[in-house]
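Written out below as structure tokens is the structure these notes cover.
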Amino acid sequence: MASRVATARSLARGCWSAFLDYETPKVIVVRNRRLGVVYRAVQLLILLYFVWYVFIVQKSYQDSETGPESSIITKVKGITVSEHKVWDVEEYVKPPEGGSVFSIITRIEVTPSQTLGTCPESMKIHNSTCHSDDDCVAGELDMLGSGLRTGRCVPYYHGDSKTCEVSAWCPVEDGSSVSQFLGKMAPNFTILIKNSIHYPKFKFSNDWPVWKLHCTFDQDSDPYCPIFRLGFIVEQAGENFTELAHKGGVIGVIINWDCDLDLSESECNPKYSFRRLDPKHAAASSGYNFRFAKYYKINGTTTTRTLIKAYGIRIDVIVHGQAGKFSLIPTIINLATALTSIGVGSFLCDWILLTFMNKNKVYSHKKFDKVCTPRHPSSSWPVTLALVLGQAPPPPSHYSQDQPPRLTSGQGADQPLAVQPPWPCPISVPPEQMVDTFNQHIRERLPVPEPSQQDFLPTNPKGLAQL
């Protein structure tokens, strides 16, 4: 138990001593051509990364803002025909307000003259077929069906099959619907997109190009025109117009406002792209369709409606972007990061030097030195501070027991010896190097007195060191 306590105290003292140590870098020049090539190559790669990617591509010297405030107004123009009538904008564009999301109807299934009554249920509804009245439960309501079951089994609209009778808008949709295709001239419909954006951080606004009123968008000849052909949008999204018009789908018009506000305001222009947003091959419900009805009265008494199941192309206008302007704070931060990252080359080369080189132990002894500060009793804080810093202390007015040793003979007698700087702590070095290091340290640290005229024998520096 006592040994464990002693070990714990020793460990705690060691940790506390290491916590109060001060470390300072030591510069060592290693003349190794391969290591030097690696070092400069790493520095060059880091420099190229920050100059080319961080500052030129990412423009990290700018303060940025994403997600501009946006306003969108749309207008569709065009006329098309079906088998029975001519269709204009008021009929095939839903909703008619002209917002950022709207639908262009390209095909409809019409169920005319529906009135409230009883009729056979659609065969598409689960458990709707029957053989007798016992197969139909009166009052049963199927949430996916057309109405409330009456309990009777009646013949279907066509064929020999029978289904359960329901109380609903009759006839049901599957019984007598008529299909009409409106997409014959739809590719030539034009869509005007008015878009205004605002970046509040920079107090910058930009509107749709008002001077572009008689144009048609083209990626090469007119990339900023806000008027688009519906057929061009579908083509740019990679879809077949005829197939899309029959089944319906959702197309996104993406407007990107990427503005460099260090340049002129006229350089801030939108970039348009197009893609399909809905899953094309979804097993549950592929395509896009919706239902609506038109109500009227016959003879002023009977309420009648026309049910329309519409297939169409829904257009979603999506606006995003980013604005940037020079700012001193991100510039300083990224410059400091770049200068700090250059030190990765030194770390990598130190690791190679101390791990894979043939003389890694020699390099390790050269690179890491530990210096211990001797403790000399002193009653004066300047002397203590000078000893800690490895400098000569100021001359005291009266030397006491803290008085430094003096020379007793030779030139410069009665002069105090120079205070020695901190001695290197013992380190594990090869024996032949330890003696040379110790002798060299003694010769460098202790002054060698010049021989006096009375002493004809030369003074031996090693002998003085032994004193």
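Here the Cβ of each residue, glycine as well, is placed from N, Cα and C on the backbone.
Annotated features in TrEMBL:
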type     : residues                                                    : note
TRANSMEM : 37-55                                                       : transmembrane segment
BINDING  : LYS75, VAL76, LYS77, THR190, ASN289, PHE290, ARG291, LYS309 : ATP binding site
DISULFID : CYS119-CYS170                                               : disulfide bond
DISULFID : CYS130-CYS153                                               : disulfide bond
DISULFID : CYS136-CYS164                                               : disulfide bond
CARBOHYD : ASN188                                                      : N-linked glycosylation site
DISULFID : CYS215-CYS225                                               : disulfide bond
DISULFID : CYS259-CYS268                                               : disulfide bond
TRANSMEM : 335-357                                                     : transmembrane segment
REGION   : 393-423                                                     : region 'Disordered'
COMPBIAS : 398-412                                                     : compositional bias 'Polar residues'
REGION   : 448-467                                                     : region 'Disordered'
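Listed as Cβ neighbours of the transmembrane segment (37-55) (distance under 8 Å, sequence separation of 6 or more from its ends, same chain) are residues 61, 334, 337-338, 341-342, 344-346, 348-349, 352.
In terms of Cα distance, the recorded positions that sit within 10 Å of ASN188 (N-linked glycosylation site) are LYS77, chosen from LYS77, CYS136, PHE290, ARG291. Within 10 Å of CYS164 (disulfide bond), as judged by C-alpha distances, no recorded positions are found among LYS77, THR190, CYS259. As a whole number, the greatest separation of Cα atoms within the ATP-binding residue list LYS75, VAL76, LYS77, THR190, ASN289, PHE290, ARG291, LYS309 is 24 Å. Proximity of CYS259 (disulfide bond) to non-local residues of its own chain (separation of 6 or more, Cβ distance below 8 Å) is seen for TYR199, PHE204, ASN206, GLU267, CYS268, GLY321, GLN322, ALA323, GLY324, given in sequence order. Taking Cα separation as the measure, LYS309 (ATP binding site) is nearest to CYS170 of the disulfide-bonded residues CYS119, CYS130, CYS136, CYS170, CYS225. Each of the disulfide-bonded residues CYS164, CYS225 was assessed for Cβ neighbours inside 10 Å, and the highest tally belongs to CYS164. With respect to their backbone Cα atoms, CYS130 (disulfide bond) and ARG291 (ATP binding site) stand 28 Å from each other. Separation of the C-alpha atoms of ARG291 (ATP binding site) and CYS170 (disulfide bond): 16 Å, rounded to the nearest whole number. Counting only same-chain residues at least 6 apart in sequence, those with a Cβ under 8 Å from the Cβ of THR190 (ATP binding site) are VAL76, LYS77, GLY78, THR216, ILE227, PHE228, ARG229, LEU230. Shown in sequence order, LYS94, SER103, LYS309, ALA310, GLY312 are the residues of the chain, 6+ apart in sequence, with a C-beta less than 8 angstroms from the C-beta of PHE290 (ATP binding site). When the CA atoms are compared, the recorded positions lying within 10 A of CYS136 (disulfide bond) are CYS153, out of the candidates LYS75, CYS119, CYS153, CYS170, ASN289. The separation of CYS153 (disulfide bond) from CYS119 (disulfide bond), Cα to Cα, is 10 Å. Within the same chain, residues at least 6 positions away in sequence whose Cβ sits under 8 Å from that of ASN289 (ATP binding site) are GLY248, LYS309, ALA310, TYR311, GLY312.
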